[in-house]
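Taken from TrEMBL, the feature domain 'Connexin N-terminal' covers 42-75. Annotation source TrEMBL lists domain 'Connexin cysteine-rich' at 141-208. Per TrEMBL, transmembrane segment is recorded for 20-39, 76-97, 128-150, 185-209.
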Amino acid sequence: MNWGVFEGLLSGVNKYSTAFGRIWLSLVFIFRLLVYVVAAERVWSDDHKDFDCNTRQPGCTNVCFDHFFPVSHIRLWALQLILVPCPSLLVIMHVAYREAKEQRLREASGDNYHCIYPNPGKKRGGLWWTYLLSLIFKAGVDVVFLYIFYRFYRNYTLPRVVKCELPPCPNVVDCFISRPTEKNIFTLFMVVTACVCVVLSLVEAAYLIGKR
């Protein structure tokens, strides 16, 4: 991964954000992205390998694992962390569009040039709406993923033992999840930080509307 490009994007997002937006960005980068990269991936690295069922029936373990873990936490979090910052990039693109338009008018008008955007990054007009919609979309993405997690993993927790009776299992078999307590702690941490990010986005949206 090119961290120089990523740092540039973060700097752009931070530059045009309000104080609430900067807190949101720090929360996403430090408490969600870094925790995901440094710790969470390792915790779930053995989820299939150490998923044990008390039967030797071929295919039973794979079928039960697929039933109780339809989508890995890690892959869902990766998709979530990719999609959540995307609306903020729309703000950067809008500012870049304003700057490019200003540059074209400056070159075309010459001495008769009249400045349209004295401050291209100031949240007025279309940029205000772009910024407000980006906040709503960011909160919406987190809410959707929180709902998906809740549907797949009730109460966001993993049981120590799951009972499976799907074919080709010969009867009701007990299956054991690797390190369920540790996984539950990380899951609740990611859920809480996502909820905090949703609240920050909504507070920032209310602040933006109130300020206008």
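Here the Cβ of each residue, glycine as well, is placed from N, Cα and C on the backbone.
Same-chain neighbours of the transmembrane segment (128-150): 16, 24, 73, 76, 79-80, 83-88, 90-91, 94, 156, 187, 191, 194-195, 197-198, 201-202, 204-205, 208-209, 212, counting only residues six or more beyond its ends whose CB sits under 8 Å from a CB of the stretch. Confidence for the domain 'Connexin N-terminal' (42-75), expressed as mean pLDDT, is 83.
Applying DSSP to the domain 'Connexin N-terminal' (42-75) sorts its residues as follows: 14 helix, 2 strand, 18 coil.
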